[in-house]
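> Structure in structure tokens, see below.
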Amino acid sequence: MALLQKTRIINSMLQDAAGKPVNFKEMAETLRDVIDSNIFVLSRRGKLLGYSINQQIENPRMKKMLEDRQFPEEYTKSLFNIPETSSNLDINSEYTAFPIENRDLFESGLTTIVPIIGGGDRLGTLILSRLQDTFKDDDLILAEYGATVVGMEILREKAEEIEEEARSKAVVQMAISSLSYSELEAIEHIFEELDGNEGLLVASKIADRVGITRSVIVNALRKLESAGVIESRSLGMKGTYIKVLNNKFLIELENLKSH
């Protein structure tokens, strides 16, 4: 298969993924097929975002790493010493992706390390490994292009997370600002009583203790529930079960108290 055709396969993977959640496993499989090697996509902290095996490596330690989806911390940190593509590292290299305890079995093992860069930051590392056949220029072009695509997807995922965080915070702030002074006071007492993300509340007890009407508590809870910040369920005489759905709510409530 020609280089241009292989590049187009990577392109189509990117186009197919547009707007969908990132699937690093599919990315690894595509790169495996076009480069004909084992592929490991690592995050900055060594989490295995995706991988695909072309040539099996029968080794208990490697098997556990794949199951745990985590590469050793020391190895991951050492990868940051490689600022640009480093190809055809042999079994004796500290960066080898082959188990050194089986050096005799993987004597012909070659590893290529490609930094994943995005927005000027090191986002992770793309590791390629195979037996015997050296990685040639075409392989390295595809690997670097693949790393760029992976970097773009990591950045997109991060941007979506930041957007979701901002949206959650805005919803909470709007919900809290819709509360009257007495309703806000009631909510503060309710969540002091719950002491966590969920629990059972007896509205009449809090109303008596704080000196507010039960209807103020009911209205406050209704406003938060309609905003999707909490969910509540009446359990009759036992009280009302409350669960926080938006993880920004308790943080914002705490911030209000400290001001």
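Cβ atoms are placed via backbone N, Cα and C, with glycine included.
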> DNA-binding region per Swiss-Prot: which of the ranges 123-142, 183-202, 203-222 is that?
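Checking Swiss-Prot against the ranges 123-142, 183-202, 203-222, the DNA-binding region one is 203-222.
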> Residue list, the DNA-binding region (203-222) vs rest of chain: Cβ under 8 Å, 6 or more residues beyond ends.
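For the DNA-binding region (203-222), the list is 179-180, 182-187, 189-190, 193, 230, 232, 239-240, 242.
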> For Ser215 (phosphoserine), list the number of other Cβ atoms lying within 10 Å of its Cβ atom.
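Cβ-Cβ neighbours of Ser215 (phosphoserine) within 10 Å number 10.
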> How does the DNA-binding region (203-222) divide up by DSSP, counting helix, then strand, then coil residues?
17 helix, 0 strand, 3 coil
